[in-house]
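Per Swiss-Prot, the features are as follows:
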- C57, C60, C67, H70: Zn(2+) 1 binding site (BINDING)
- C97, C100, C132: Zn(2+) 2 binding site (BINDING)
- D493, D495, D497: Mg(2+) binding site (BINDING)
- 1351-1363: compositional bias 'Low complexity' (COMPBIAS)
- 1364-1377: compositional bias 'Acidic residues' (COMPBIAS)
- 1343-1377: region 'Disordered' (REGION)
Amino acid sequence: MTFQPEIADIAKISFGVLSPEEILKMSCCKVTSVKVSDKGENIYSKFMGTIENGENCKTCDRDVWECPGHFGHFHLEVPVVNPIFINDACNILRCICFNCYKFIVSVDHLKLENLVRRFQDILLYVKNIKHCYNCESEKLPLSVVNEIIVDEDKNPLDTRKLLRVLENVDDETVRFLGFNPTMSHPKNFIFTVFPILPPCCRPYVMSEENCCDDDLTYQLIEIIKNNQYLGDEFLKKAELKRKKSLLQSSLPPTTDIKQKHLTNLWFRISTYFNNSKKKAKHAATAKPITGLKERIAGKEGQIRHNLLGKRCDQSGRTVVGPDPTLRLNELCVPKEMAEILTIPVHVTPFNRDALTQLVNSNKANFLIKAANPKRSINLKNVINYRGTLLYFGDIIERDGTRITITDTKFVLQPGDTIIRNGKALKEIRYPERKQIELEVGDVIKRQLMDGDYVLLNRQPTLHKASMMAFKVVIKPVKTLKINLAITKPFNCDFDGDEMNIHVPQSYEAIAELKELSCASKCIMSVQNGKPNVAIVQDSLIGLWFLSRDQWFCQTLKRSQFFNLLLTIDKAQNFLTRMDQICHVLKSKFPSKGNWEGSGLDGDGRVSPKVGRMVFNGRGLLSFLFPYDFDYCGGDGLSIESGVFLEGTLEKNVVNTLIKYIYKDYGETVVADFVDNIQFLTNHYLVDRGFTINASDCLKNESIAPEIVSLTRATFSKATTVRDVTINPFIQEQKTLAILNSCTDQCMKLSKECLSSDNNFCVTTESGSKGSIFNICQITSLLGQQTIDGKRVYGLLHPQDNEFQDRGFIANSFVEGLSPREFLHHAMAGRKGVIDTALLTSVSGYGQRQGVKLNEDIKIYPDYTVRDVNGRLYQYIFGEAGYDPSQTIVVDGHQTICNVYRLVNRLNRSYDSSALRPLTEDEIEWMVDFIQPRREYEYIPPDVEQRICSIRRDPIVGQLRRIQTVDALVPILKSHLEKCFYQTLMSPGECVGIIGAQSMGEFSTQATLNTFHVAGSTTTGAVTNCLTRFQEINNATKNPKNITCKVYFTKGNGTIEEIRRRGKDVKHIVFRDVVEKWTVEPATAEWWYATFKQLYAAPIAESGTVTKRVRFHLKRDIVFAYRISPQEIKQSLESKFDVSCIFSPFDEGLILDVFGKIEPHKLEAFVALMLPTYISGLEGIKAISYHKCDELKIWYIQTSGGTLSDFYTLDDIDVEHTTTNNIWDIYHTLGIEAAREFRIKELVEIIGTGVDLSHIKLRADRLTFTGTIQSLTRYTMRGEKPFSKVGFEEIMENFYKTARDAEVDDLTGVSASIMCGKRAKVGTSMFDIKLNLDAILCPPSTSPLLTTEDGTTSATTPIAATTPEQEDDEAFVDYDYT
């Protein structure tokens, strides 16, 4: 029998439980022995495949590389319940009568609506059933103990009986229970035939002494042995041996032997599948055996490590470093690495000669001949014959000189003589070079060359921009090197970081890297629309210095100016640009400079008078910008017609310029802009020089007394606040705020005491490195050290200065820290390191949760956002369908372009008197391309109109404010239409993964960077934000801190009115107002009788009451919450049979309580009185008062409480009252309010770090079912099998999938990767539609264009249609799955 494999995509995979018949059909042999030497088929039968080189499989006649392996089998002497489904089998048996094999209750009595939970509902219903409704037989109680089904007496049940029961269950009952009778019949849950894995899944390891079996083989051997011991032949021999023995009593009976081996068989089969509890161990070493579950599940298992792993050939890894001479899209690759990595190239008639020359010049490593495509020829062994092998110490005589061999790779030359051990070798073979001739159809694997594109990756791969393509530049170095401007998305800092490169192996992959993933085409981030590219460190310092030069002041020599100008690549024509600079300067500064006469000398050189005006930093910077680029922002920067007029270039300003240049001119111009900045500033700093020394750390001596006095004043103020504040929590908060304010004031003093030329100030002001906080720590003081937002705990014994004992450091790094200060600083720094180590795993796991849950969400050709299951999440991505990396914010709205900038640039060529505003008809005509193009199945017409309004309104608002001329109207419309289609998110884009990565990367990087600000309040803020981020994603039902903001409608929202409403909100019980209580004799004092006469109080007579309870109340609590004595009195008297009287004296708030209470029960009675309700809402532990700056009114912030309770209050402001508990919002206001709350909370946590479109998609994904879902494994239960398996609980999901007979059509991302298919996302979502008539037409009519010189050139026909003219047939061939 021969096996001819066919390579084809798998259409679908159906899961189920194999029946004995299917196992036998699948098996290729019956295993009868465990010994290799025995006759018959053993555990390593060649019918199951081979694992030895040179041997072929007896089933498929394939070698070790091509044989897929085949299963074997053996028959079990006793049926064994499959340990995977033992609980399901037990539950099914509880529902079946053992007498009549019917369902124990009538089906008509059950009303089951939920098919997903059908089996669970049935189990709950039959739990209390005692008899079968059909035959009235008693139900047998069953349970599972140690992977064995037992009865109520804990005795194992006969599996033959269990199998007989399940075999007699009819298919209708099986379907009713929720199982598939064909794919997962319950009878298949019991093994009668056991499958044996092929040897390739459990290969042995050969050593010099013996052969070591795999753990699975070891288990199979034990299973087969115990199964053979249960056979009749073995039991008969055991019984015969027992009878022949003289001491029969010393040998166990046959039944005991059978039970022993049966128990061992159950144990071995159970641990064969799952040995996670490490029960099964090797007899010799006691090492736990690895089961199937341990092989498959876990991070290092077969699923995540192999099937979903990213390890591949043609990749390299080494340390990465910076190279300022590289362009933005270039990557320096070590020559040694480039000679190893290869790219396959097919030989054609057009490139045969060139590839032949390449091969014969040692630029290719392997050759695959068309005649034998399975064999790869190593060209290094074929082309270069090295000749005689040289040894270390050999001596080569060449032209009268002697060369001692220290490198055995030394190349001999004809005429060389080899002297070895003092004697000359007689036979010497000199190197030969063989010429290779290529044929059409061959494939060569050439070495990496300059200009090739490779994929660069740094781990952890947190987001899309962690993998980008670069153009290779090969250099004789040992490390990878990249441009510093592209380090931001990789987050690499060159402190030993390593990066990976992946070489594309197909033309399609090369095209995608070049056109889609290239660094120069990924300028803007899809995460938040901000630049991925950023000028950093030295270049920023150079820009800062150059931009501070003033016009009309020559700061550069003529030679220096022109030398620096030569570093700018692709610069404009010098004379034209110089004339333009002079023209702009003359119009802006007519009173400055000498503008008379020509600006050029007789020989065409720049005249000295012009040189004195423009030979400076701003003159150089003017050559960087496009000739028509304008910018005038609130940062003081002014650029007109590309001429840098005024302002200072620092980090944020440069990032803004990069974004505007990208939107106005595209990625090519902005890439050249970034490259030229670095080339210019690098050469400028080489001439100028820049360094930081000890003198930069020294502050002005006059500032030291100010810092000391400021510190003392801060301590005095904090002491005053501590003494007057009663609440310890508020006291600590106020103290910490005062101490932190001291640091803020010292930061200002530090900046003032250093000159503007101080190199520390230069680095901070330019944005190159550090901040004013770092300067303050170096020169002034370190300030208060905090851990988790709290002050450091002090020592046990009292100190002279309480604040310094609690972590306030009054010294700077220059002055040095005292031992106590050093300890506190180390404590805070240690916390930062711990957070980085521990919280990184938490945030990383959160990112993986988001990616796995959203990996199948993508944009379809109708621009709806759906997943492979067809579930609709958004009608259009982000409510407008825009790509965040292509949008820009204008007038507070996200739109396609800045019309103001565009019009200003276009209007420059026209007289301002000819400008006019646009009419409404013109505006409507200019935006008519934004309209519903088709009526799609998923988008209702009213929603489509709303989408159009969202897209149109920001553009229309800008068009109404501009002025232009008639000639520019069609040009303006054409540009708007182009921007619109460029800004749309492309169909096929995996917006689910992009959004999850964007939010995950933000939280992970925030955690990683906490140690940079160790000891400051920023560290605690990041930790709290991460905790809140988890609560929102996981929809925690009991958040850590439930807070509510309560607003009232009546009144003007003053603090006095809010305080009066405090007692209606805070839950106050009698215990809260009691300071202490005592039991005293019931002496009849004079005010008792007066009180009885005035109020007719039911005070017991003195003869019946001998004791009274006197409560001393907390005056501050009673007055703070406006609690009247009458309220306390009514609360106690309404609940207990007591009388309450308040003392009329000013000695304090004293409440006497009388009642008919036995003296020995007084203490227990007081314990019952203390929890008595006084006022407020239940669950509200504390309240505080705050002012809303937006509404300019005060509100109450509570700890605890629910919206439903607040809505019962009078005058409650329902619109603004809110809570941070998403479940409370959902139960009170519904799912839409919960969605908006989720968006609002995520925006507050993340800020502008992630685009709002990604946040909305996350909220829609977790609320689209109408209920709140969490970002956990429980939400994954509704996904396809392979999606669930690729996340968590791998084996458990496999078990459930097989039990429920699920089918996966392999359209998901995880399923496609596991099965070796292309995931239908991105470019793989579509196929290329070819015009075969044009391709196959005869040469006379072939689509070749004849040029003027008579030559021909092939062209690709392009349809000259606009998007409005596309017909519906354009989407016919798209695969929407």
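Each residue, glycine too, has its Cβ placed from N, Cα and C.
Note: C100 (Zn(2+) 2 binding site) has non-local neighbours C132, N134, C135, S137, i.e. same-chain residues 6+ apart with C-beta under 8 A of its own C-beta. Considering other CB atoms within 10 Å as the measure, the emptiest surroundings among the binding-site residues D493, D495, D497 are those of D495.
The CA atom of C60 (Zn(2+) 1 binding site) is located 54 Å away from the CA atom of D495 (Mg(2+) binding site).
Each residue contributes its Cα atom, and for D497 (Mg(2+) binding site) and H70 (Zn(2+) 1 binding site) these two points are 45 Å apart. Other C-beta atoms found within 10 angstroms of the C-beta of C97 (Zn(2+) 2 binding site) number 23, with every protein chain shown included. Between the binding-site residues C60, C67, the minimum number of other C-beta atoms within 10 Å of a residue's C-beta occurs at C60. Each of the binding-site residues C57, C132 was scored by the number of other CB atoms within 10 Å of its CB, and the largest score is that of C57. Around the Cβ of H70 (Zn(2+) 1 binding site), the same chain contributes S27, C28, C29, F47, M48, G49, C57, T59, C60, P198, each under 8 angstroms and 6 or more positions distant in sequence. In the three-state DSSP classification, C132 (Zn(2+) 2 binding site) falls within coil.
In sequence order, C492, F494, G496 are the residues of the same chain, not among D493, D495, D497, whose CB sits within 8 A of the CB centroid for the Mg(2+) site.
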